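Trainee: So that we are looking at the same thing, I have put the structure below in structure tokens.
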Amino acid sequence: MALIGVLANLLILCLSYARTAPDRIIGGLECNQNEHRSLVLLYNSGGFFCSGTLINHEWVLTAAHCNRENIQIKLGVHNIHVPNEDEQIRVPKEKVCCLGTMNCTQWNQDIMLIRLNSSVNYSTHIAPLSLPSNPPSVGSVCRVMGWGTITSPEVTYPEVPHCVNIQILHKELCEAAYPILLGNSNILCAGKLLGDKDSCKGDSGGPLICNGQIQGIVSWGGFPCAQILEPGVYTKVFDYIDWIQDIMAGNANVICPGDNF
């Protein structure tokens, strides 16, 4: 009952604010080319399907449900139809999920590391994103980005990545919207209570960036996207720091963080 009261009060506050707030498209506005140097495009013969984040010369972080056959990774992309001079293409040398490459799952432990077949050269449009030093606090304003649809439920895929600011919300808000999350501690709940800003179809695997660090990985949410009291669900990267660092260091017998999901 207490949670219902909190949700009701928050909704009233947001509705009062909405009278003066302009409408926004899903995904916000076109990203500045300088702000998504770590963002990578995942595609195969079927076309683009996910994003990911470059975290060093050899490794990309993305969502486990983005696992596909014959993945190619394109770095340094802005307009998908107009190549940058410093674009680079890599393929996976190794893919690592919490439950093994053959057991990547869409909802639980939605995180995957891709080791690239050769080292990436940093350049004007290519640079890594830092891993988190601390978890984000509720209320933090963070930025999500990707080439996902900018309309919903109809889909409109842009040629350039879009960026939008959203907030870290209480996990209980996501649990209220999606009861399947009860007991899962390895997620972040982020968005806007009014639902006017959100990640959406095609943004999967991309970063949620807070203070210059990757704090979340786009995982899933309601559809149509950007609905009232239906925030996005993001993999909480901070909970996987030890796992990520152990994998990149080549340590054996790596244990993924457990949960009760």
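Residue positions begin at 1 at the first shown residue.
Cβ atoms here come from the backbone N, Cα and C positions, even for glycine.
Feature list, courtesy of Swiss-Prot:
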SIGNAL    1-20  signal peptide
DOMAIN    25-249  domain 'Peptidase S1'
DISULFID  C31-C163  disulfide bond
DISULFID  C50-C66  disulfide bond
ACT_SITE  H65  active site, charge relay system
DISULFID  C98-C256  disulfide bond
CARBOHYD  N103  N-linked glycosylation site
ACT_SITE  D110  active site, charge relay system
CARBOHYD  N117  N-linked glycosylation site
CARBOHYD  N121  N-linked glycosylation site
DISULFID  C142-C210  disulfide bond
DISULFID  C174-C189  disulfide bond
DISULFID  C200-C225  disulfide bond
ACT_SITE  S204  active site, charge relay system
Trainee: Which recorded positions are spatial neighbours of H65 (active site, charge relay system) here, meaning Cα within 10 Å, out of D110, C163, S204?
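Mentor: Within 10 Å of H65 (active site, charge relay system): D110, S204.
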Trainee: About how far apart, in whole Å, are the alpha carbons (Cα) of C256 (disulfide bond) and D110 (active site, charge relay system)?
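Mentor: Cα-Cα distance, C256 (disulfide bond) to D110 (active site, charge relay system): 11 Å.
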Trainee: Going by Cα-Cα distance, pick out whichever of the recorded positions C31, D110, N121 is nearest to C210 (disulfide bond).
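Mentor: That would be C31, the closest of C31, D110, N121 to C210 (disulfide bond).
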Trainee: Tell me, in order along the sequence, which recorded positions from C66, D110, C142 have their CA within 10 Å of C98 (disulfide bond).
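Mentor: Those near C98 (disulfide bond) - Cα within 10 Å - are D110, in sequence order.
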Trainee: What does DSSP say about C66 (disulfide bond): helix, strand or coil?
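Mentor: For C66 (disulfide bond) - judged by DSSP and reduced to three states - the answer is helix.
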Trainee: Can you tell which of the disulfide-bonded residues (C66, C200, C210, C225, C256) has the fewest other C-beta atoms within 10 angstroms of its C-beta?
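Mentor: It is C256 that, of the disulfide-bonded residues C66, C200, C210, C225, C256, has the fewest other Cβ atoms within 10 Å.
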Trainee: Cβ-Cβ under 8 Å from C50 (disulfide bond), same chain, 6 or more residues apart: which ones?
Mentor: L42, T62, A63, C66, G202, S204, G205, G206
Trainee: Work out how many Å separate D110 (active site, charge relay system) and C189 (disulfide bond) at their Cα atoms, rounded off.
Mentor: 14
Trainee: Give the distance between the Cα atoms of C200 (disulfide bond) and C163 (disulfide bond), rounded to the nearest whole Å.
Mentor: 12
